[in-house]
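> What follows is a structure written as structure tokens; I'll ask about it next.
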């Protein structure tokens, strides 16, 4: 198999959402993250999308690419942090906010702290793997040198449905 | 300033160690990681180095590059995981062992889990930021889908001295 051959597009029954560009609120950014999650589904990646916002502008936008890149570090959040850092020329993202469709895993929860993100907003909680309030709360470790604010629940129903439908589809294919 | 200009080399008072290639034990791999940490110092990065071993071969070798790349995700461990995954063509590193000169931070501790590393061996403990037994133990979260083994203390005195001397030098420059 050609390693760099384009992958067949996987049909996704969910439609992208196109919010008004005039209202830049939590809902707006999370909808953009949701659209990236749909793009992940279409190349058969677990549908998680991430957006990084800075002064009302999007400076990072990515989806999960673990299987395509064969690299466990290619989560949406890590890729978006690298983009955002490149955009502002600094690894410190104190003035930035990360929107992500699923509660970050141990790695990405830690990356939010190490990148000194101002805030993380996630849609779907993950009580098994999530580390910003789910399985544990790494952001509350008292000795850390940075405090990241955490909120959740924005566009939760839509992002949860997307994830559940993807895993259901995968299970049906396996049987 | 030219963003891509080579950075002035910072003198490092520590010498690299060249272990015998015939004895491939913990000490061997950690000495290679230590040498990468010295390379980090020489470009004024926090001196942390990482090696990933697979069947006795080194398939990942990196040092911290956060300041040079202006990217908080450019820790030695993350870079080495990406290299190792590329080398074996799989994001799952179950048969691999990571050697790192300092206990991994929240992000890198999580990355070890997400990359399904077989084992992590670190030199210097980090009770403030370390998440494999130091500030917390993310690898012991019961709901995780992968168990990574953790050991520590290999070449601890040398790696600790290197880190302490670096931070001491930085503090002196600040004053």
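Quick reminder: no glycine exception, Cβ is built from N, Cα and C everywhere.
Straight from TrEMBL, here's the annotation block:
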type: DOMAIN; residues: B:24-151; note: domain 'CMP/dCMP-type deaminase'
type: BINDING; residues: B:75, B:105, B:108; note: Zn(2+) binding site
type: ACT_SITE; residues: B:77; note: active site, proton donor
> Using a Cβ cut-off under 8 Å and a sequence separation of 6 or more, which residues in the same chain sit near residue B:75 (Zn(2+) binding site)?
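Result: B:48, B:50, B:64, B:66, B:104, B:105, B:107, B:108.
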> Please count the residues of the domain 'CMP/dCMP-type deaminase' (B:24-151) that DSSP assigns to helix (H, G, I), strand (E, B) and coil.
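So the counts come to 46 helix, 31 strand, 51 coil.
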> Would you pick out, from the binding-site residues B:105, B:108, the residue whose Cβ has the largest number of other Cβ atoms within 10 Å?
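Output for this query is B:108.
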